[in-house]
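Enquirer: Here's the feature list from Swiss-Prot:
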MOTIF     23-51  motif 'Q motif'
DOMAIN    54-224  domain 'Helicase ATP-binding'
BINDING   Ala67, Gln68, Ser69, Gly70, Thr71, Gly72, Lys73, Thr74  ATP binding site
MOTIF     172-175  motif 'DEAD box'
DOMAIN    235-396  domain 'Helicase C-terminal'
Amino acid sequence: MASEGITEIDSGLIETNYDNVVYKFDDLNLKPNIVRGIFGYGYETPSAIQQRAILPITEGRDVLAQAQSGTGKTATFTISALQRINENEKATQALILAPTRELALQIKNVITAIGLYLKVTVHASIGGTSMSDDIEAFRSGVQIVVGTPGRVLDMIERRYFKTDKVKMFILDEADEMLSSGFKEQIYNIFRLLPETTQIVLLSATMPQDVLEVTTKFMNNPVRILVKKDELTLEGIKQFYINVELEDYKFDCLCDLYDSISVTQAVIFCNTRSKVEFLTNKLREQHFTVSAIHADLPQAERDTIMKEFRSGSSRILISTDLLARGIDVQQVSLVINYDLPANKENYIHRIGRGGRFGRKGVAINFVTDRDVGMMREIEKFYSTQIEEMPADIGALFA
């Protein structure tokens, strides 16, 4: 219950109550086949969060880590979970929760890739998929479960998912899960796990809901917190275009595309109806466009994401569903057709463009009514969003 006083972080990029910082994967006392998987995945040296968080997690400590998209946080808990799993025990030992199906599948893929040389089984237990697949996986003794709160709780309550051997419970994007209607389900899952279960909580921000979990369920957690001022991604150039009125946005978008050469872009809108409107308008102008939102069937969403990753679709239009955790490597441009209704989602949207040092550009369409919100975003992240220069095309040359 040692989370007292975690409210505002005043100094330093990382503030922690844990002193060990490890600068090489080889020095983390990991299983050789995990290190092999890490290097095979493309990592060379640990990121700041990995240098600080992997060791206490693998030691079995409860950990509260604040890190935004693009810092290597998924690999942080993936590596740690793979290290703690007993490969010879065919029972679920690690449970990872994520707010969306897409993020859960992304995490599963990272576990599979880094765990390539281990005999560890992993399963995604998510809504929108066949329940019989879930039941079969749990009966076979899957060792790591990645899931969304509703489906996971259902599997536990139906007694297909036996939790008695679970030793790690990891919550990714905890701020999003706890603020979007999952709180009661997550609390119920907590209560159905062994009391000795290690808790690892990762969150881009630290709202009261997250701090409450640390006091209720965590035992003297190691705290690794990123200063709020630093919660903007380096390498992302941020601009705005004052479009004055909503009605002028589409013409502005077409003009923008006339002046730049972009491999792929993600465009964010705030509503499903706006996504559909913009998709239809762009198709009328002969753009190759895909659209994704929460109301699409899971299979259709998977197909759309696959097409976009392969490059057969050049523009992906999305609601905030996509704004957390989908790693689309080749995206160089993010356009906020609408500023996010929740300023805490801004970082997840623009983080799509330049992960792990890859450069990216974020362009915000701002009506006269949006100027105040944009200033709030600047203040919240201690960042500056500059007016888009006339020679914007030079950034994409």
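Glycine too: its Cβ is placed from the backbone N, Cα and C atoms.
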Enquirer: In terms of DSSP three-state secondary structure, what is the assignment for Thr71 (ATP binding site)?
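Expert: In the DSSP reduction, Thr71 (ATP binding site) maps to coil.
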Enquirer: Tally the residues of the motif 'Q motif' (23-51) by DSSP class, grouping H, G and I as helix, E and B as strand, and everything else as coil.
Expert: 17 helix, 0 strand, 12 coil
Enquirer: Report the DSSP secondary-structure composition of the motif 'DEAD box' (172-175) as helix, strand and coil residue counts.
Expert: 2 helix, 0 strand, 2 coil
Enquirer: Neighbour count, 10 Å Cβ-Cβ cut-off, for Thr71 (ATP binding site): what number do you get?
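Expert: A count of 22.
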Enquirer: Can you work out the mean pLDDT of the predicted model over the domain 'Helicase C-terminal' (235-396)?
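Expert: Within the domain 'Helicase C-terminal' (235-396), the model's average pLDDT equals 84.
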